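Chemist: Okay, handing you the structure first.
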Amino acid sequence: MPSSFDLLGEMIGLLQTEQLTSSWACPLPNALTKRQDLWRALINQRPALPLSKDYLNLEDAYLDDWRASFVPVSVKDCQKTNYTSLFLYHGDIRYLAVDAIVNAANSELLGCFSPNHGCIDNAIHTFAGSRLRLACQAIMTEQGRKEAIGQAKLTSAYHLPASYIIHTVGPRITKGHHVSPIRADLLARCYRSSLDLAVKAGLTSLAFCSISTGEFGFPKKEAAQIAIKTVLKWQAEHPESKTLTTIFNTFTSEDKALYDTYLQKENNCE
């Protein structure tokens, strides 16, 4: 069985042969981490075009190795809150073994094309595997237009521990600008659409990232308040959805502190 180091070398070779990205001429690194970075840069930049069976077999083997390198996190491992149907998980959303995780997507729905970018869209697309971008391309081709803010789309999660990914596009807030009622409602719509889609698909566990608070600039405090208030209201309006467990995933200590505070009933944003 080839090592991850060797698999990366073979994948890089195949991707560079295509000459589809700006990194195609980079020399093959001798260090594992540098190979990982180069492979990720190549696959991040690659257009949503079919891939060879040889490449996909190598990627499957590499991402299977990645998947085996950690213990997935289930709902029972998540932090309980004062609400029986709401949980918190502080860490990497890629490690969650739930029915679906929510990806903060962009309007193209094809993932992040910036090499090795730190956004959640990049991380999810990279480690779910290249089939995810192709699946999203099929959705966008059928749809025939950019994805609207506040909608939701469902795909397989491929190599991630989760079964599915729900993709939603949140609103942008220009730095220094206040949150208008329209943008607040658009963010709330992301949560409602994702919950509606989860129920329609028969899912029983759904993990939300902090939608729009990264590259899209939505203030973290207001975003957390909107997220919690919207989910609680949706649950109250959908008593038949009691089987759906909702997890709020936080990645920064600031986000965790906000959700810890607002999920106490005396501070519940309602």
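For all residues, glycine too, the Cβ spot is worked out from N, Cα and C.
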Chemist: Given that Swiss-Prot annotates ASP92, ILE93, CYS119, ILE120, ASP121, SER212, THR213, GLY214, GLU215, PHE216 as ADP-D-ribose-binding, name the residue from ASN57, ASN106 that shares the site.
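Modeler: Checking ASN57, ASN106 against Swiss-Prot: the ADP-D-ribose site match is ASN106.
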Chemist: Please work out which residue of CYS112, CYS119, ILE120 has the most C-beta neighbours within 10 angstroms of its C-beta, and give that one of the binding-site residues.
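Modeler: Answer by Cβ density within 10 Å: ILE120.
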Chemist: Would you please pick out, from the binding-site residues ASN106, SER212, the one with the fewest other Cβ atoms within 10 Å of its Cβ?
Modeler: ASN106
Chemist: Around the C-beta of GLY214 (ADP-D-ribose binding site), how many further C-beta atoms are within 10 angstroms, looking at every protein chain?
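Modeler: Around the Cβ of GLY214 (ADP-D-ribose binding site), 18 other Cβ atoms lie within 10 Å.
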Chemist: Looking only at Cβ atoms, how many others are within 10 Å of the one on HIS117 (Zn(2+) binding site)?
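Modeler: That number is 17.
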Chemist: Taking DSSP three-state, what's ASP92 (ADP-D-ribose binding site) in: helix, strand or coil?
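Modeler: DSSP assigns ASP92 (ADP-D-ribose binding site) to coil.
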